[in-house]
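Written out below as structure tokens is the structure these notes cover.
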Amino acid sequence: MGLSSQELTEQYRLEASGGHSPHTDFGHHEGQFEEPSSYSLGSARLEALASAPLIGNHRRSQSADTDDSNNGTDYDDTLDTAAERSEKPASWSSLPRKGQLAILTLARLSEGLTQSSLQAYLFHQLKSFDSSLPDSTISAQVGIVLGIFPAAQFLTSAWWGRLADADCMGRKRVLLIGLLGTMISYLGFGFSRSLATAVIFRTLGGLLNSNFGVMSTLISEITVEKKFQSRAFLLLPMCFNLGVIIGPTMGGSLADPVHSFPRLFGPHSIFGGTEGVWWMQRWPFALPNILSTTFILISFLAVFFGLDETHEIARYRHDAGRELGRRIAKAFSGRRAQYTRPLSRVTDDNYIIRDTHLVSAPSSPTLSDTSFKPKLRQRPNLGQLWTRNVLLTLLCHFLLAFHTNAVQTMTFIFLPTPRVPTESHTGIFHFGGGLGLPSAQVGLATAIIGLTGLPLQIFAYPRLQGKLGTLVSLRTFVPFSPVSYILMPFLVLLPNILWVFWPALTFVILLQAVSRTFVLPATSILVNNCVGDPSSLGTIHGVAQSISSAARTLAPVISGWGLAAGLRNNIVGAMWWALGMEAFIGWLILWCISEGKGIDPVKEKMEDDEDDDH
């Protein structure tokens, strides 16, 4: 049975003064914590308690033992300010559970570093397997190696998402498996000496990796209030993009270190002895992969020791990694070990903890405790998930992933492709050639997206998304992409004059940057909110990642073929305009879908209470 309003009021007052209620024992002994099975929210003031601090001070202090005169006032003040707190606008500093979010962003950053690092030396590594092969063959092999990873992800991401929803697995275990698979993949790839071996390790990494979907699920369950979503869901693409900026420099500089740093690793060098470092000569591209594996290992350990499980059932399971992490923290801090509750949909550790000497709330019940039995829900089958709104949302997700990845591939081909004589321009749509930019200017042009996107992500996007809403934000900024795609090929008609060409190119690229900045995180939020059952959240994100992987597999192949055909037939804009049409269709579909409410933490709690009362 749930507690009455009077009992809950008395319990709160006792806890606020450091005492114990007859219903709850906040002792610091592991396995002794008993949590009330439900709360009866009998009045509007008590409903506000869901967002209020659970306790004012977890420990008994001298002042708490001697001064009870203000308990009623403190209680009333807490309830009066609870609603005000929930109405405060979100900011970066107000994000809940920052430690948990930091672990997830570290994991995403490490993946961005490793993936972009590989692209910097991939051509040269494949060339080292057989130097007699022509560059055209090596280019085809590059496409195979890059495409096999998302192709493998497409096959398994939905099933990993389903496992993340399973009571026996949970989010954390699936994420750990993904990080472990990524480590094995990159380490094996670095020591590969044939194309077949490289493809095998890339395939293995893709089959085991559904990390983005699992991370999105974790973020949605850590930051349950919608006002935090615009910033929380921005963390993953922002950190990945930061890794993309740093990764190529890291990979390119560390590849073939015997020749890149002869004084350190070459013959008669500091570390190389008389003949050089032998393993660097045998595996010249192992060093950047070893460093990439190290970054992933750090992320793996951070997740293992520091990340809380968020699955509604699995979070009550004993977590040896978290327990060991707390013991390590205790050893370094010199304080008595404290334990944490499982993540709750109606509480926030920023509000639970008021004593700065405490690092967490009391220990949570586990599945082994006889005093606590988590309610087992029947998960809906896959057929029940595919509503019209969910299917249209996933279709928009596919179209967006396809044209953003296709444009990325085409840009790296179109910018350096030589210009053609103006005599070949036979009509307003019949012209060929590229922009003829040297490598340094290609890097500068593509860096504009990252250099403008990062400040937009940090400062502009959260504010505008908070005012407009997720769906309105998508409908507003998606059209920037087709406009950019339509204009891009017409740049070849401009004279190659600095003050004419570069402002036009910058404007077109800025359209892409603005669109990507506002659309990519909003799409993740839209996918997250299209499901209202927490037991299906991992499945939906897994399916979304599988769909995105399919788009990332098909987009480079189709766009590369289409651009090549346009160059051959003197209509280089054909593929650009086709992508513009595809993006426009995606924008039209946005007007046919509605933004879901996502998982309502208060509704979930009230449903649990009703079930318990029956």
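Along the chain as shown, residues are numbered 1 onward.
Heads up, the Cβ atoms here are built off N, Cα and C, so glycines get one too.
TrEMBL has this to say about the protein:
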type     : residues : note
REGION   : 1-38     : region 'Disordered'
COMPBIAS : 22-32    : compositional bias 'Basic and acidic residues'
REGION   : 54-93    : region 'Disordered'
DOMAIN   : 100-598  : domain 'Major facilitator superfamily (MFS) profile'
TRANSMEM : 138-161  : transmembrane segment
TRANSMEM : 173-192  : transmembrane segment
TRANSMEM : 198-220  : transmembrane segment
TRANSMEM : 232-255  : transmembrane segment
TRANSMEM : 285-307  : transmembrane segment
TRANSMEM : 385-402  : transmembrane segment
TRANSMEM : 442-464  : transmembrane segment
TRANSMEM : 485-511  : transmembrane segment
TRANSMEM : 574-593  : transmembrane segment
Is it the case that the transmembrane segment (574-593) and the transmembrane segment (173-192) touch, counting contact as three or more CB pairs under 8 Å in which the residues of each pair are 6 or more positions apart? no
Folded-back contacts onto the transmembrane segment (173-192), same chain, C-beta under 8 angstroms, at least six residues removed: 107, 111, 114, 118, 160, 163-164, 198, 200-202, 204-211, 214-215, 218, 283, 285-290, 292-293, 296-297, 299-300, 303-304, 307, 314, 538
Average pLDDT across the domain 'Major facilitator superfamily (MFS) profile' (100-598), rounded to a whole number: 82
With the transmembrane segment (198-220) as the reference, find which of 138-161, 232-255, 285-307, 385-402, 442-464 contributes the most Cβ pairs under 8 Å. 138-161
Same-chain residues at least 6 beyond the ends of the transmembrane segment (232-255) with a Cβ under 8 Å from one of its Cβ atoms are 95, 101, 104-106, 108-121, 124-125, 212, 215-216, 219-220, 222-223, 284-285, 287-288, 291-292, 447, 450, 453-454, 457-458, 461-462, 520-521, 524-525, 528
